[in-house]
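Heads up, the thing below is written out as structure tokens.
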There are 2 protein chains.
Amino acid sequence: MATGRTHRPATRSRGIPEATVARLPLYLRALTALSERSVPTVSSEELAAAAGVNSAKLRKDFSYLGSYGTRGVGYDVEYLVYQISRELGLTQDWPVVIVGIGNLGAALANYGGFASRGFRVAALIDADPAMAGKPVAGIAVQHTDELESIITGNGVSIGVIATPAGAAQQVCDRLVAAGVTSILNFAPTVLSVPEGVDVRKVDLSIELQILAFHEQRKAGEGERVALPIEGGDLEPSPGGSRGTEGERVALPIEGGAQAGPMARAGQDTGAAAGGRQQGPDGDVPAVMPA
Amino acid sequence: MATGRTHRPATRSRGIPEATVARLPLYLRALTALSERSVPTVSSEELAAAAGVNSAKLRKDFSYLGSYGTRGVGYDVEYLVYQISRELGLTQDWPVVIVGIGNLGAALANYGGFASRGFRVAALIDADPAMAGKPVAGIAVQHTDELESIITGNGVSIGVIATPAGAAQQVCDRLVAAGVTSILNFAPTVLSVPEGVDVRKVDLSIELQILAFHEQRKAGEGERVALPIEGGDLEPSPGGSRGTEGERVALPIEGGAQAGPMARAGQDTGAAAGGRQQGPDGDVPAVMPA
DNA sequence: CCATCTTTGTGCACGCGTTCACAAAGACAT
DNA sequence: ATGTCTTTGTGAACGCGTGCACAAAGATGG
Ligand SMILES: NC(=O)c1ccc[n+]([C@@H]2O[C@H](COP(=O)([O-])OP(=O)(O)OC[C@H]3O[C@@H](n4cnc5c(N)ncnc54)[C@H](O)[C@@H]3O)[C@@H](O)[C@H]2O)c1
Ligand SMILES: NC(=O)c1ccc[n+]([C@@H]2O[C@H](COP(=O)([O-])OP(=O)(O)OC[C@H]3O[C@@H](n4cnc5c(N)ncnc54)[C@H](O)[C@@H]3O)[C@@H](O)[C@H]2O)c1
């Protein structure tokens, strides 16, 4: 079920790099803050610091939008806010629907930042009949039966999925069929969508796991104090495991009855726990493209 | 997004690529599903499809962990689940605290997937005195005054921030000072943290803006058929930019006023598709999780 | 034991993204 | 005008991540 495509054809030539697009909102936020303080201009250095990025990167990002700065001075805050907003398509109104009004969906509906920048919650949809009509964040929840009419009726092109994982794909299909072409998915599932539909995913579980990885690495580093070289000290190495079936560690996992959550495999598996190799740190997108 | 900051001589050659680490949870989820269905083995092709990635990429990812597959057969599901879990550090228990039990914080606390994979909500913390003692998701909310003792007392190294943007940095500082070295931030702010601390950010607003960008582009593409060139048009050219003052639009703003971001350490933005930036690597001794 | 078929593991090339470093543009002072 | 100073915009180098293509490992069948 390969999810949708990831990159666009060649039409990209004139486009703005994805990495840059992902940072524009960040710049916009920093600029908005400056705007509120009536700061007239900012240098790439200052703005970069506020946005938490490298100034060269910021300048290059802006260069994709055009030459909006003034050498020797910096960038006009108001003007840049406008340009970025326009580039991101925030100068128009985007009706959004949230499907699955449970814990998360309700929280999202109540989120103020939602409507603050061109996004408007057009409707809240849930499959639970008991929820129908019930107001959440000032908006009456509507039943899934009306999903299609809501989408087409309001010209919604962005949908947020906050249903259980099991219902996500189904909801996704209906949204797409009704005309939605951009989806923000909170359910822990890989959504399959036709070409032309963008899917971005927010997965708390994955974020935590990535943090755990680094956390473990940090801890491991501390223990290996006495280790001389950092190069070749793996452990019951991969290469070695080859050849001998019997060498495979006895899995602490319960044979085939393990249902539910993954087995919390035996704690530190002997050698394993020891020094983990360290890896680059840095990061990865919290959200991934479809 | 996440940690970024100073970066270091990327000489850490023995590590697993960040991009790979970010995908491991995805593979793990797919594998867990297979495991529940008692599927004994999977080929890279099948698993890749389930995880929504390219099979070659998957094989390369696994190759960083070791040679855990069998040519002509595929990978042993149970064994791989164990190996990935161990690599991600999920074979141990990670106590986590959530700070800011509002709409979002409460939803997070109620999220089951949280505890399903080695993560345990050790405590819920909020500054509102009225919340103290109140049970959320079966756990009594504790007041911020106890933040430090909770962290040290439970050996917490991972913290989740779900407070308003204005309080995020302050909360972050306290968490870090108390010993937390990994933070998942939901507040729309750039957090400044000392070296060695990882920060990952989940920002709904940014996700929507990115979707809006693509959405606008899709719409524009269809209309622009008749338009001439797309290079430099629609806009006041660089030099003459000053002329179109009147066109500027006042934009609605979102909270998130940030004080002096004088931070030395910058943070990155997670981008989307392509490559990620590499980051620093924490040298600061981490706190050993219990 | 050999032949054939399947699937892994990876060398390699390519493209994107990041960062450095600097020429040039413009502001400002004289 | 001319000189100096500040800051942009970007060419170029580099490193990472991706995906192709294929040799080799191992299973399977004769
Ligand atoms: N709560 C969190 O913090 C959190 C974090 C990360 C991911 N998630 C994911 O987000 C999703 C929602 O989480 P939650 O805690 O809000 O769950 P929840 O059970 O509280 O809410 C799910 C809601 O979806 C509705 N629903 C079910 N099937 C539906 C369908 N076919 N169409 C429309 N609505 C439907 C249910 O009636 C319910 O109201 C889950 O997939 C969860 O894994 C939640
Ligand atoms: N709700 C969402 O869907 C959503 C989505 C994206 C981002 N966010 C962000 O997440 C954060 C929380 O959102 P929310 O909707 O839950 O807000 P909320 O106002 O409902 O909850 C905030 C909670 O934080 C507590 N708090 C305030 N200052 C604190 C402090 N110094 N220490 C500890 N607790 C403190 C408050 O008492 C309150 O309970 C905000 O920054 C918001 O921008 C929310």
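Counting begins at 1 with the first residue displayed.
Cβ from N, Cα, C; glycine included.
Automatic prediction, not curation, is the source of TrEMBL annotations.
Note on TrEMBL: of B:26-65, B:106-145, the range annotated with the feature DNA-binding region is B:26-65. Chain A has a C-beta under 8 angstroms from the C-beta of B:Asn103, B:Leu104, taken from the binding-site residues B:Gly100, B:Ile101, B:Asn103, B:Leu104.
DSSP gives B:Ile101 (NAD(+) binding site) a coil state; it is part of no helix or strand. With a 10 A radius on its CB, B:Leu104 (NAD(+) binding site) counts 24 other CB atoms from all the protein chains.
Taken as a whole, the DNA-binding region (B:26-65) shows an average pLDDT of 97 in this prediction. Beyond its flanks by at least six residues, the DNA-binding region (B:26-65) meets 16-17, 20, 73-78, 80-81, 83-85, 87-88, 90 of its own chain at Cβ-Cβ distances under 8 Å.
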